Amino acid sequence: MGRYVLRRLLQMIPVFIGATLLIFLMVNVMGDPIAGLCGDKQCDPATAAQLKREFGLDKPVWQQYLTYMGNVFTGDFGTAFNGQKVTELMATAFPVTIRLTIVAILFEIVIGITLGVITGLRRGRPVDTSVLLLTLVVISVPTFVTGLLLQLLLGVEWGWIKPSVSPDAEFGELIVPGLVLASVSLAYVTRLTRTSIAENRRSDYVRTATAKGLPRRRVVVRHLLRNSLIPVVTFIGTDIGALMGGAIVTERIFNIHGVGYQLYQGILRQNTQTVVGFVTVLVLVFLVANLLVDLLYAVLDPRIRYA
Amino acid sequence: MRGATHAKWAACTVAVALAATACGGGGGGNGGGGSGVLSSSWGDPQNPLEPANTNEVQGGKVLDMIFRGLKRYNPKTGAAEDMLAQSIDTSDSQNFKITIKKGWKFSNGEPVTAASFVNAWNYGASLKNNQKNAYFFGYIDGYDKVHPEDGGKQSADTLSGLKVVDDTTFTVKLTQKFSTFPDTLGYAAFAPLPKAFYDDHAGWIGKPVGNGPYQVQSYAKGSQMSLRAWDGYPGSDKAQNGGVDLKVYTDNNTAYTDLMAGNLDLVDDVPAAQLKNVKSDLGDRYLNTPAGIIQTLAFPYYDKNWNKSGSDKVRQGLSMAINRKQITDTIFQKTRTPATDWTSPVLGKEGGFDQSLCGAACSYDPGQAKKLVQQGGGLPGGQVKISYNADTGSHKEWVDAVCNSINNALGNDKACVGNPIGTFADFRNQITQKKMTGPFRAGWQMDYPLIQNFLQPLYYTNASSNDGKWSNKDFDKLVDQANRETDTAKAVGLFQDAEKVVRDNMAAIPLWYQNGSAGWSNRLSNVALNPFSVPVYNEIKVS
């Protein structure tokens, strides 16, 4: 097991370098960021040159990349154009997005798996059909439609929630945005769990457990669910990264100042430091989440542990 | 017993009511007018909040609240009026003696002196401070030393043209005659700065200190700035409300939704998608007035195709092929006004705005348009491509509409197409590198309400924002004359003569004037937009 973890950690290095290099090149291809800093006016050449020097933009790209990576390893992610340290931006943005992601993941786990188990055990019954239909609707409606509709109904028409989230972005405020963000994945989790449960329900070990006279609850939770969760865990694991990076639509609708917002601003202002910094951290989150998923397999299925 | 319970209830109600008013009074202790605090939509400023480094509206909004300079532009008329300036004297339009009023202070208690101005201007002009508005000090003697054009090492740290005489007096020497120079001093870049700015720069950026009617109570970058009325403000334009909470919105649609839900008091940018509903949603709590912004189509004069004999006819033809009224009505829902000259209505007649200056050349006349383009030798390469940045501002819609209009007028489906460029930075980049091959969108937001500001930076040979590199000796000569002229009315007349040169050559096609818009909740009254399309915050009353 220890060796397995070590190998996985080593694998992360090339992925990390490749991903950051790609992003670095992509942002660089978009042109000279200083040109956009002075609005519709032209920066005077002297100031522009000075700014370029300060941000290191006058050097060749490979050199910029090397300096940047060197700095990253000492914890220095550079400075955004508005004079703020990128680490400072991260310190304000990531906690918010992490809270939003936690809310979304909790919805996925609690509602998604519960619905999945219920429908999986009652395949073909009315409950199953109606949940299947519901998930189909959720999957087919784009997130921004759900988001805007909920915002309009709950926020403006009925006044149950505030349409926008305050800068503090406490858990309570994030429930509706979290639900919106989770909606599509939630539907997938339901469907995955349902299929998996339905499949494993007829397997030998479940029949044995039932024959042993174990209570139904124990059979379902300890035997059936534990084995059926493997595909679901894989999905949720990769979804963590996707939710954090892909929350941009939801964050825009509910005015949440998280990672998506900072990335959007960074791209609009073509701020290499912000974009690469945030993407670097997101890549790390993806990698760690994947590692955790692989480790969780072993917990769920002892056969994998010894393989 | 019953009576006692009643009394208790009454006491509680009073206590609650008192507490509620205290909360509404601006967090206690610092509510200038003693009235409530309003919340307003805001965008994250692009640059650090320094007066000489702020060149966009969002940062400018704050500077307008926490700073007062020598002059201030009247929020209604746009006229430059004395604020801190006691007098600005000159005999030759080149050397100015500026006396400031006594008794003004920064909100941290420091007095505002002549040195507060001189040091701030020196800081703004100095190349090593990377101030994006440094060029505002370009007329002051010694600018080439502190801000060498070629980006080389600066040979001085202070402008030789600025001299402190005593606590309330300083002199300014310009490199050339510039009669309207005093009127430019209302721009935020010329604001005074306290010592604290230099002593603890990072601290100041984190919580700016100025001398205006408001002071910054707290600033959470990227999310909210709380401003409160400053009791010690000595000016006559004291804040009529307890303060303003500026809230950063990622999307102006969300801000509008918040306004509808009663969660926000003021939106100063009504999203295009809501323009249809805004009348029924807000009634008379909606404002849509011209601002000092004009949109034009500029041409690359470095490209031979656009700089040969006859191409002025082509440009005139194109101008006449654009149905401005239809486009402003349908695409912009009347939030733009068809342009009739190269300035802006906010200048007023006396300031140089002329409703008939462009005349026939700016009115839709497809027949004449076709004739002129043919006379001019046709479109270069048979087609014009209008370049614009596709990332912000929804420029695609109007560019397509303009092209449609041109295509219809010229009777040619392929006469005009849009040429989107991915990002604003890349768009600007291609312009500065002179890579444009056809017309491109150009927007000009005035720095100060002067006709000079609409002409000189844009059309003077090698001027800072002359993106098309247009050059015309007659125009330059008239502008120089106008700058020398000490009589304001005559100067304006000369600038208008220069503008006629722009018209006769159709140096750029004027499209429309942009309006500022605002919507507000029924708690507010006396809401107005100034000529820069920024709400006049200090005059807003909160009930």
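Just so you know, glycine gets a Cβ as well, placed from its N, Cα and C.
TrEMBL entries are annotated by machine, without manual review.
Marked as domain 'ABC transmembrane type-1' by TrEMBL: A:94-297.
Here the transmembrane segment (A:12-31) has long-range neighbours at 61, 64-65, 68-69, 267, 270, 272, 275-276, 279-280, 283-284, 287, 291, meaning same-chain residues at least 6 beyond its ends whose C-beta is under 8 angstroms from one of its own. Annotated transmembrane segment per TrEMBL: A:12-31 (among others), in sequence order.
The transmembrane segment annotation in TrEMBL covers A:98-119 (among others). Sequence-distant contacts of the transmembrane segment (A:98-119) (same chain, at least 6 residues past either end, Cβ-Cβ under 8 Å): 127-128, 131-132, 169-171, 174-175, 177-179, 181-182, 185-194, 196-197, 220, 225, 229, 232, 236, 239-240, 243-244, 247, 250-251, 256, 258.
Marked as transmembrane segment by TrEMBL: A:131-154 (among others). Away from its own ends, the transmembrane segment (A:131-154) comes close to residues 115, 118-119, 160-161, 163, 176-177, 179-181, 183-184, 186-188, 190-191, 194, 249-250, 253-254 of its chain (Cβ-Cβ under 8 Å, at least six residues beyond either end).
For A:174-193 (among others), the entry in TrEMBL reads transmembrane segment.
Residues or ranges marked as transmembrane segment by TrEMBL: A:224-249 (among others). With a threshold of 8 Å between CB atoms, the same-chain residues lying at least 6 positions outside the transmembrane segment (A:224-249) that come near it are 97-98, 100-101, 104-105, 108-109, 112-113, 116-117, 120, 143-144, 147, 181-182, 185, 188-189, 192-193, 196-197, 199-201, 203, 205-206, 256, 258-261, 263-264, 279, 282, 285-286, 289-290, 292-293, 296-297, 300-301.
Here TrEMBL flags A:275-300 (among others) as transmembrane segment. For the transmembrane segment (A:275-300), same-chain residues at least 6 beyond its ends with a Cβ under 8 Å from one of its own Cβ atoms are 1, 4-5, 8-9, 12, 15-16, 19-20, 23-24, 27, 68, 72, 77-78, 86-87, 89-90, 93-94, 226-227, 229-230, 233-234, 236-238, 240-241, 244-245, 259, 262-263, 266-267.
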Contacting positions for the transmembrane segment (A:174-193) when only residues 6+ beyond its ends and CB under 8 Å are counted: 99-101, 103-109, 111-113, 115-117, 119-120, 131-132, 134-136, 138-139, 143, 146-147, 150-151, 154, 161, 165, 228-229, 231-232, 235-236, 239, 242-243, 247, 250-251, 253-254, 256
